[in-house]
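**Q** If you scroll down you'll find the structure; I have some questions about it.
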Amino acid sequence: MKEKTRVAILYGGRSAEHDVSRLSAANVLKAIDRTRYEVVPIAISRDGRWRLQPSSEAGADGAGAQVPEDGVEVALLPGGKGRLVALTKNGEQPDPVDVVFPVLHGPFGEDGSVQGYAEVADVAYVGCGILASAAAMDKDVAKRLLREAGLAVARSVTVLKGDVGSFQEIAGALGLPFFAKPARQGSSFGVSKVHDRDGFEQAVETALRYDSKALIEEFVDGREIECSVLERADGSLTVSPPGEIIPADKHGFYTYEAKYFDAEGAVVKVPADVPADVVARTSEMAARAFRALGCEAMARVDFFLRADGSLLVNEVNTLPGFTDISMYAKALAAAGIGYSKVIDVLIEHALARHRAR
């Protein structure tokens, strides 16, 4: 009888998206095929401690997969090919894992940090590599690379702590309203819509509370369209039909609350009601954006569709959400690839990439 592949599922983490990660992990833990995989849940506390969880007990409450304060602390052994070192009283050590599946969002999980740790540990891991993870996480860097690849993006100005620039200069360059957002955060954390000079200072201060660099970006009057990209072990890409996010008017834009905590915060429509030529262009542009950033395995590519039919790439998310309302799995389901199959493909990709190195 073939042994099951041991999959360490990482969730929680130090970032502001800790709770989002828990919601995503609950779905992955529910969807993964336990006849094929031995699941090794590892909950990461807000202070960054990794704690091994019994597979049968890492279920979900209303807030997602549990991150208890107890549990055996573990770490990946550098060069250990998946060996876990545990801090236990009796000295017993857990079995090695075959692949690490980071279900982590934001800094310390989506930005190349965990990917680099897995590389040092010489263990297979799901998702993009170090460079693509870091580049996509930094909205400023990602925009530069996408623009260099010939893809249209929204106009923006990058500001740093201590070097913000004046409202007059930025409004003159981008027009009003515009958005201020942390350069390296997700889930709309720290994002503000600026309508006038009075709101500018507070918006920048909020963005820089989450990062040392902020992006000031023009307001784009358009529909929010998203495509899921899934790469198989042979390098071939599947790009889903586009889906659409329709935020409720009361939120003004697709806020963190609208995404995760307001059942009526937005409508997720898959597939999007768009003309065939828009479907074709989003598919082609999503694949180009994926390759431009050097992505591997998976990404969600977000667009703005303007009234004249033009498309702008908004961002590339290398560890998209797996929550109940998240677009990534929903859009792939519309392409005929179910949740469990997506997980299979991602794990197969991770193992094949590691074998090839």
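Heads up, the Cβ atoms here are built off N, Cα and C, so glycines get one too.
On a predicted model such as this, the values are computed, not experimentally measured, just so you know.
The ATP binding site annotation in Swiss-Prot covers 171-226 and rests on sequence analysis. Taken from Swiss-Prot, the feature Mg(2+) 1 binding site applies to ASP302, GLU315, supported by sequence analysis. Under the heading Mg(2+) 2 binding site, Swiss-Prot lists GLU315, ASN317. Look at Swiss-Prot and you will find 143-348 tagged as domain 'ATP-grasp'.
Give me the local environment of each listed feature.
**A** Long-range Cβ neighbours of GLN185 (ATP binding site) (same chain, at least 6 residues apart, Cβ-Cβ under 8 Å): SER15, ALA16, GLU17, GLY106, PRO107, TYR210, ASP211.
Residues within less than 8 Å, Cβ to Cβ, of ASP302 (Mg(2+) 1 binding site) and separated from it by at least 6 positions along the same chain comprise GLU224, ILE225, GLU226, VAL313, ASN314, GLU315, VAL316, ASN317. DSSP classifies ASP302 (Mg(2+) 1 binding site) as strand under the three-state reduction.
According to its DSSP assignment, GLU315 (Mg(2+) 1 binding site) is in a strand.
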**Q** Suppose you look only at the domain 'ATP-grasp' (143-348); what would the mean pLDDT be?
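**A** Averaged over the domain 'ATP-grasp' (143-348), the predicted model reaches a pLDDT of 93.
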**Q** Who sits close to VAL220 (ATP binding site): which same-chain residues at least 6 apart have their Cβ under 8 Å from its Cβ?
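**A** Those within reach of VAL220 (ATP binding site), by Cβ under 8 Å and sequence separation of 6 or more, are ALA154, PHE304, ARG306, LEU312, ASN314.
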**Q** Please report the number of other Cβ atoms within 10 Å of the Cβ of PHE178 (ATP binding site).
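**A** By my count, 24.
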**Q** Under 8 Å between C-beta atoms and at least six apart in sequence, can you list the same-chain neighbours of ALA171 (ATP binding site), or say none if there are none?
**A** PHE178, ARG197
